[in-house]
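Asker: One structure follows; several queries about it will come next.
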Amino acid sequence: MAEQKKVVLAYSGGLDTSVAIKWLQEQGYDVVACCLDVGEGKDLAFVQQKALEVGAVNSYVIDAKEEFAREYALISMQAHTMYEGKYPLVSALSRPLIAKKLVEVAEKENAVAVAHGCTGKGNDQVRFEVSIKSLNPDLEVIAPVREWQWSREEEIEYAASRGIPIPINLDSPYSIDQNLWGRANECGILEDPWAAPPEGAYDLTASLENTPDVPEIIEIAFEAGVPVSIDGVTYPLADLILKLNETAGKHGIGRIDHVENRLVGIKSREVYECPGAMTLITAHKELEDLTLVKEVAHFKPAIEQKLSEIIYNGLWFSPLKDALLAFLKETQKHVTGVVRVKLFKGHAIVEGRKSEYSLYDEKLATYTKDDAFDHHAAIGFIELWGLPTKVNSIVKKKEQIEA
C-alpha cells in the first residue's frame, strides 16, 4: 500500500486548526502538527497532546522564544518599526519565523505540503504563503479555513460529529494573537471603530485608573543596539522583553487602538498591547539620538518606514529587506549605553541617557563660562549656508526692477 502524503500544519490548539487536522485527513493526508512557542504563554504540552488526540501522526512543539527575540523582535526595536506610525508589528514579526520552522519540519518529514489556519481576508495568509514559497518553492500550501468557508456553527457541528473537543472559551468575541513582542486583539465589539474597547479586551496592561500612583524608575542597558540588562540584572533577550511586559504593563504602557490599512485592501480596527516593545523602542531611540551622527539619524527613519512596510506586507525573505538590514546593522555598532526611564500612568518617559560613544559634548553645548564653542566661527558659516538663498533673492529683485 502506498504511503500517504504528509502535510505539516501550523497548529495552535484552537478549534480552526483542530478541525483542519480532520479535514486534511479526509483529503488524504497524514497530518504533522507543529506549534511554536514565541512567548504567548500557552500550555504547549497540552497543545502537543491535543494534536495527537485529534489525529495528527506526529506533533512538534518548538521553543523559539529566544530566536524570535534575537532575529525578529530585535530588528523591530532597532528599526523602530511602527506600521502607519502606531503598530510595532507584533503578529507580522512572528509569521516568517513560523513559516521557516514549518518548512524545516516539512523537509524533515518529507512532507509535500504545509497548511495554515488563516482566513481569506487577513494579512497572515499572505505572510505565510509568500514566506513558505520563498524558502521552498516546491512545497504546496493549503489553507483549509479559506477553502471550506464554513460558518462558526457549521464548524462546531463538523467538530462535534468527529469527536473534536470544543474549546471552553469558544464564546469569546475576540480573535487574539500573542507573542513576547505584544498582543493583538480584534473582532467582537472592536469591529465598531466608534466603540471604546472594553477592559476585558486587555490582558497585558492595566487601565490607567488601576495603575500605581507612584512612578517606577528603571535603567535599561544596551550593547551595540541590543538591550542586555534592567537595573543591572542581565537577562537573555526573550526574558528581558517578557520582564518589561510585566513591569511596564502594570503602569498601563503600550495600549494601541489602531484602524489600519490591511495588505488585502480593507481597513481593520485592532487593539494592541505592547508594553515591553514600546518601552524598548522609546529607550533605544533616545540612545541613538545620543550616539548617531546627524546624517545617519536623519536618514534612518526612511529605512525604518520601508522596513515596517516590507515586514507588514509579508516580504521578510526578500532581497530588499536583507539590504536594509545591512544598513541597520551598521548603525547599531555604537548604540551602547544606559537609558533611565520613568514608567507612570501609561507613559515611558526617558529621564536620562549616557554612553561611552556619546556625541554630546557638554562644553560645546553649555551656555556657562565653560563654553568651548567658537561663536565667531558662526559668522562665516551663516554667510556660506545662506549664500544660495541670498543669491536667489538678488536675482529675483533684479528681475522685478527690470520688469
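Note: Cβ is positioned from N, Cα and C throughout, glycine not excepted.
Residues annotated as ATP binding site in Swiss-Prot, with sequence analysis given as evidence: A10, Y11, S12, G13, G14, L15, D16, T17, S18, G117. The L-citrulline binding site annotation in Swiss-Prot covers Y87, N123, R127, S175, E260, Y272. What Swiss-Prot records for T119, N123, D124 is L-aspartate binding site, and it gives sequence analysis as the kind of evidence.
I would like each feature placed in context: is it buried or exposed, what are its neighbours, and how far apart are things?
Answerer: Taken residue by residue with DSSP, A10 (ATP binding site) is part of a strand.
In this structure, N123 (L-citrulline binding site) belongs to neither helix nor strand by DSSP; it is coil. Other C-beta atoms found within 10 angstroms of the C-beta of N123 (L-citrulline binding site) number 19, with every protein chain shown included.
Packing around D124 (L-aspartate binding site) is summarised by its Cβ count: 21 other Cβ atoms lie within 10 angstroms of its Cβ, all protein chains included.
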Asker: Including all protein chains displayed, how many Cβ atoms other than that of E260 (L-citrulline binding site) lie within 10 Å of its Cβ?
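Answerer: I get 18 for this one.
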Asker: Which one of these binding-site residues has the most other Cβ atoms within 10 Å of its own Cβ: A10, Y87, T119, R127?
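Answerer: Of the binding-site residues A10, Y87, T119, R127, the highest Cβ count within 10 Å belongs to R127.
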Asker: Enter the number of other CB atoms within 10 angstroms of the CB of S18 (ATP binding site).
Answerer: 29
Asker: How many Å lie between the Cα of S12 (ATP binding site) and the Cα of N123 (L-citrulline binding site)?
Answerer: 18
Asker: Can you check which residue among the binding-site residues S12, G14, D16, S175, Y272 has the largest number of Cβ atoms within 10 Å of its own?
Answerer: Y272
Asker: Using Cα coordinates, what distance in whole Å links N123 (L-citrulline binding site) and A10 (ATP binding site)?
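Answerer: With the alpha carbons as reference points, the distance is 16 Å.
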